[in-house]
Amino acid sequence: MIPCRAALTFARCLIRRKIVTLDSLEDTKLCRCLSTMDLIALGVGSTLGAGVYVLAGEVAKADSGPSIVVSFLIAALASVMAGLCYAEFGARVPKTGSAYLYTYVTVGELWAFITGWNLILSYVIGTSSVARAWSGTFDELLSKQIGQFLRTYFRMNYTGLAEYPDFFAVCLILLLAGLLSFGVKESAWVNKVFTAVNILVLLFVMVAGFVKGNVANWKISEEFLKNISASAREPPSENGTSIYGAGGFMPYGFTGTLAGAATCFYAFVGFDCIATTGEEVRNPQKAIPIGIVTSLLVCFMAYFGVSAALTLMMPYYLLDEKSPLPVAFEYVGWGPAKYVVAAGSLCALSTSLLGSIFPMPRVIYAMAEDGLLFKCLAQINSKTKTPIIATLSSGAVAALMAFLFDLKALVDMMSIGTLMAYSLVAACVLILRYQPGLSYDQPKCSPEKDGLGSSPRVTSKSESQVTMLQRQGFSMRTLFCPSLLPTQQSASLVSFLVGFLAFLVLGLSVLTTYGVHAITRLEAWSLALLALFLVLFVAIVLTIWRQPQNQQKVAFMVPFLPFLPAFSILVNIYLMVQLSADTWVRFSIWMAIGFLIYFSYGIRHSLEGHLRDENNEEDAYPDNVHAAAEEKSAIQANDHHPRNLSSPFIFHEKTSEF
């Protein structure tokens, strides 16, 4: 009996959820100094990195041709689905932590730690790789003199390490980490300057492309491409067409456009850094959703315009995969424009680097504040109001990686952390919107201050009616003809269906990735399995759609629920399956290190665990409440609010201005 009780207690520790109360949304140790424009600049700068100067040429030449503009449109729509889920959580829970916090308040502590641990990895590798790219781009402007010097005098001949240590990248990371430690407002100002220069350069590229472009480059005939291939002595493709495709707007067909969209999806990664600023924004409930959606829109317009200008200036099959824009300008006779492009590329890399460094210490700070990482990492500088220990320590780790390692083999690990976070946030939105408690619990503030209250139909329900609905048992009738109000049974059903949906999507992704040849050959087993997966997917989504949602309103809510989050989960898991086996092995090693930290330290020092244990002790020994009051106040020193541990209630918008 005792081992079973211990196992049950251990399992409850893994799924305990963080309680975020209304008062704690304003309570922060950080400095609230960021505006909506600061968030837009941060999102655009982080997302619109150097990829806009390189990715368009690579995808247009190999996958999409001129239809790369459609590829970016599809990728933008897929990214917006994830962005909208982040936007709703940013409005509901405007606290530091991003996807880590959103997972913690919805599905529990273990999944939250997994999410946060992988976000840390993504930001560290992203910071290191962008710093080395910045160093390499600057070295190109100096005719590679820095690299030649370091290769001569500091060459490293060890497997897995870089060819030479990158001192320049180390200095760059430490400089920006120091800037962030100095203050968020100063960092935001520097970011806005670099982002503005980047946008101006991209506008120049678009205008120049449309002026010097030729629509004929979108209408190249197949015969012309065959002649080009024959003169270059290139063998034809398997279907008899040129290696450059069939010509026209979609030379590689719609499948090529979709393949390009999968690659372009990663060009929109980075907006999630906005969600880590919840405790540093003046009005986070409105600024975070606006910042996320606006930054994604601006980035799409930039990617769309640059890719259109590039393919109009130069035939897609002649594009240079590494430096498409400078080569394209030389092709149209504007050679000196390459210096403008180089300046824009350095500014883009600078904002991208700042966008990687900025959220990294904030996720670490949030996890340390909750007790899941070492408490010293939650220390806040009294003058600058920044997590100085987390900033400097994470910057030092990123600098060390940039100094020693060849990061090309590790970059794919960034994708796992990001895509997993996207998937979990979408799943959390589904689970949260069908919880029963959000409509019945009345916040301790007036409707006028609350801004958006519950609907009259819900608030007019008597307590006895609500209790009757909560006690309603499960049956097939409640599955297909549920009540008007969410119950605990309907919420549990949705939670189960969301989990089952994730495993179903995983199976569908594996089938369409590794069994695609069997599907194209119309083999019976593959078609039957594909049909089964699709039917179950549609049935589960429709069943979730039939369940009653809570009536609570916030500043921003994901539209088209549950279809949009479900499709976001499908896209993200499919892209995760595309990653190589070596990437998953490295990911497993990183997770093993994380689990060692969590099960040896985090699970025992969790703030939620201490507060729940204290609450249980008060229930068991009510006569000792006064004797334990002093200890309780010490534990709640960082909380400053009463807690309702029986409900995973997440408070809605509080429209006060900071």
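Numbers here mean position along the shown chain, with the first residue as 1.
Glycine is no exception: its Cβ is also placed from the backbone N, Cα and C atoms.
Feature annotation from Swiss-Prot across Ser242, Ser464, Ser606 places phosphoserine at Ser464. Residues Ser143, Ser475, Ser490, Ser646 are shown; Swiss-Prot lists phosphoserine for one of them, Ser646. Per Swiss-Prot, the topological domain holding Asp63 carries a different name from the one holding Gly609, which places them across the membrane from each other. Taking the Cβ of Asn227 (N-linked glycosylation site) as centre and 10 Å as the limit, one finds 12 other Cβ atoms among all the protein chains shown. Here the transmembrane segment (491-511) does not lie next to the transmembrane segment (583-603) in space: the count of CB pairs under 8 Å, restricted to residues six or more apart, is fewer than 3. Sequence-distant contacts (6 or more apart, same chain, Cβ under 8 Å) of Thr28 (phosphothreonine) comprise Lys95, Thr96, Glu279, Glu280.
Residue counts for the topological domain 'Cytoplasmic' (85-104) under DSSP, helix first, then strand, then coil, are 14 helix, 0 strand, 6 coil.
In this chain, the transmembrane segment (411-431) lies out of contact with the transmembrane segment (38-59); the count of Cβ pairs under 8 Å, excluding pairs fewer than 6 apart in sequence, is fewer than 3. A gap of 46 Å separates the Cα atoms of Asn157 (N-linked glycosylation site) and Asn227 (N-linked glycosylation site).
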